[in-house]
Amino acid sequence: MTMENYSMAAQFVLDGLTQQAELQLPLFLLFLGIYVVTVVGNLGMILLIAVSPLLHTPMYYFLSSLSFVDFCYSSVITPKMLVNFLGKKNTILYSECMVQLFFFVVFVVAEGYLLTAMAYDRYVAICSPLLYNAIMSSWVCSLLVLAAFFLGFLSALTHTSAMMKLSFCKSHIINHYFCDVLPLLNLSCSNTHLNELLLFIIAGFNTLVPTLAVAVSYAFILYSILHIRSSEGRSKAFGTCSSHLMAVVIFFGSITFMYFKPPSSNSLDQEKVSSVFYTTVIPMLNPLIYSLRNKDVKKALRKVLVGK
């Protein structure tokens with residue numbers, strides 16, 4: 001059978017998070033709750049920023065874009081996972097699997113670069129406050145967001161194109177709850193050396209470059225904060241950055257655990273646990289992290305709800 005015909009006819013079976021029948025309903029309810037909070041939190045954040053003039057600043061423009069990405073890549077993964085918790089045959093078509101892989105990579109890579117853009121925004125705000133409006137113009141902000149999505153699209157196109165050249169003839173059971181790169185490579189009966197090299201290069205670049213950029217930004221930020229004379233000013237600066245830094249550590253920590261090792265050295269069960277963090281937990285936490293400790297967001301929300 002040719003690869004073209006095989007690809008059109010193939011179905012995969014998603015192994016899911018666990019095979020224990022007694023855990024399927026509790027896990028369904030847990031992840032349904034997480035997904036509802038994710039959707040409400042991120043769409044609510046986008047709407048709040050859109051209708052509140054107080055939040056029409058570069059920082060919240062990036063936060064709105066981040067909320068959009070969190071909503072999208074959670075929605076690429078979670079609905080199918082919820083269906084599989086209740087289904088007997090957890091099948092996914094080859095074409096659906098490739099589409100899921102493509103959009104997952106687009107949004108997860110874009111998330112990393114948006115977090116980097118937000119770090120740069122904080123760097124300019126704290127280290128060059130007088131030039132902030134000139135540097136972080138609407139054109140620059142839009143360009144940074146577009147660059148994040150372009151790099152996500154380029155990474156997804158490369159991974160998906162390389163994956164579609166592989167044959168899957170050993171087994172159709174994917175030991176994961178969604179179509180990710182590593183489980184698919186482990187399933188293929190083709191030579192995957194090129195795919196593994198691409199994974200190492202692309203994942204390494206998309207993790208190392210943003211991490212270094214964030215680290216450099218925060219090194220300058222810390223230096224500037226330590227030279228602020230008033231304790232109130234230092235406290236305000238730390239408060240502005242702490243939420244973002246927390247999101248960065250959680251996101252890049254889980255990504256690094258997943259992709260900074262060769263596929264052969266990864267335990268797929270460990271990968272499932274790590275994947276849960278950046279596919280379901282992080283999209284839920286981000287709007288909470290950025291809103292609970294943010295006076296501007298709480299003030300805007302109060303104004304929308306009570307009109308004061």
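Cβ atoms are placed via backbone N, Cα and C, with glycine included.
DSSP assigns C97 (disulfide bond) to a helix in the three-state reduction. Taken from Swiss-Prot, the feature disulfide bond covers C97-C189, and the record attributes it to sequence analysis.
The feature N-linked glycosylation site is assigned by Swiss-Prot to N5 (among others).
When secondary structure is read from DSSP and collapsed to three states, N186 (N-linked glycosylation site) falls in the helix class. According to Swiss-Prot, the feature N-linked glycosylation site maps to N186 (among others).
As annotated by Swiss-Prot, topological domain 'Extracellular' applies to 1-25 (among others).
Positions annotated as topological domain 'Cytoplasmic' by Swiss-Prot, on the basis of sequence analysis: 47-54 (among others). Using a Cβ-Cβ cut-off under 8 Å and counting only residues 6 or more beyond its ends in the same chain, the topological domain 'Cytoplasmic' (47-54) has close neighbours at 60-61, 63-64, 67, 296-297, 299-301, 303-304.
The topological domain 'Extracellular' annotation in Swiss-Prot covers 76-99 (among others), and the record cites sequence analysis as its basis.
Taken together, the residues in the topological domain 'Cytoplasmic' (121-139) have a mean pLDDT of 91 on the 0 to 100 scale. The topological domain 'Cytoplasmic' annotation in Swiss-Prot covers 121-139 (among others).
If you look up Swiss-Prot, you'll see 161-197 (among others) marked as topological domain 'Extracellular'.
The topological domain 'Cytoplasmic' annotation in Swiss-Prot covers 218-237 (among others).
Taken from Swiss-Prot, the feature topological domain 'Extracellular' applies to 259-271 (among others).
Swiss-Prot lists 293-308 (among others) with the feature topological domain 'Cytoplasmic', giving sequence analysis as the kind of evidence. Below 8 angstroms of C-beta separation, residues 45, 48-49, 51-52, 54-55, 60, 239, 242-243 of the same chain, each at least six residues beyond the ends of the topological domain 'Cytoplasmic' (293-308), sit close to that stretch.
According to Swiss-Prot, the transmembrane segment annotation covers 26-46 (among others), on the basis of sequence analysis.
Panel annotation: around the transmembrane segment (55-75), residues 35, 38-39, 41-43, 45-46, 48-49, 103-104, 106-108, 110-111, 114-115, 117-118, 121-122, 125, 136, 138, 141, 144-145, 148, 279-280, 282-284, 286-287, 290, 296-297, 300 of the same chain, lying at least six beyond its termini, place a Cβ under 8 Å from a Cβ of the stretch. Annotation comment: Swiss-Prot describes 55-75 (among others) as transmembrane segment.
What Swiss-Prot lists as transmembrane segment is 100-120 (among others), and the listing cites sequence analysis. Here the transmembrane segment (100-120) has Cβ contacts under 8 Å with residues 59, 62-63, 65-66, 69-70, 72-73, 76-77, 80, 92, 141, 144-145, 147-149, 151-153, 155-157, 159-160, 163, 178-181, 184, 206-207, 209-210, 213-214, 217-218, 244, 247-248, 251-252, 255, 278-279 of the same chain, all six or more residues outside its ends.
Residues or ranges marked as transmembrane segment by Swiss-Prot: 140-160 (among others).
Same-chain residues lying 6+ beyond the ends of the transmembrane segment (198-217) with a Cβ under 8 Å from its Cβ atoms: 109, 112-113, 115-116, 119-120, 122-123, 151, 155, 158-159, 162, 181-182, 185, 248, 252, 255-256, 259-260, 262-263. The transmembrane segment annotation in Swiss-Prot covers 198-217 (among others) and is backed by sequence analysis.
Around C97 (disulfide bond), taking its Cβ as the centre, 24 other Cβ atoms fall within 10 Å, counting all chains. For the pair N186 (N-linked glycosylation site) and C97 (disulfide bond), the C-alpha distance works out to 15 angstrom. The Cβ of C189 (disulfide bond) has 11 other Cβ atoms within 10 Å, all protein chains considered.
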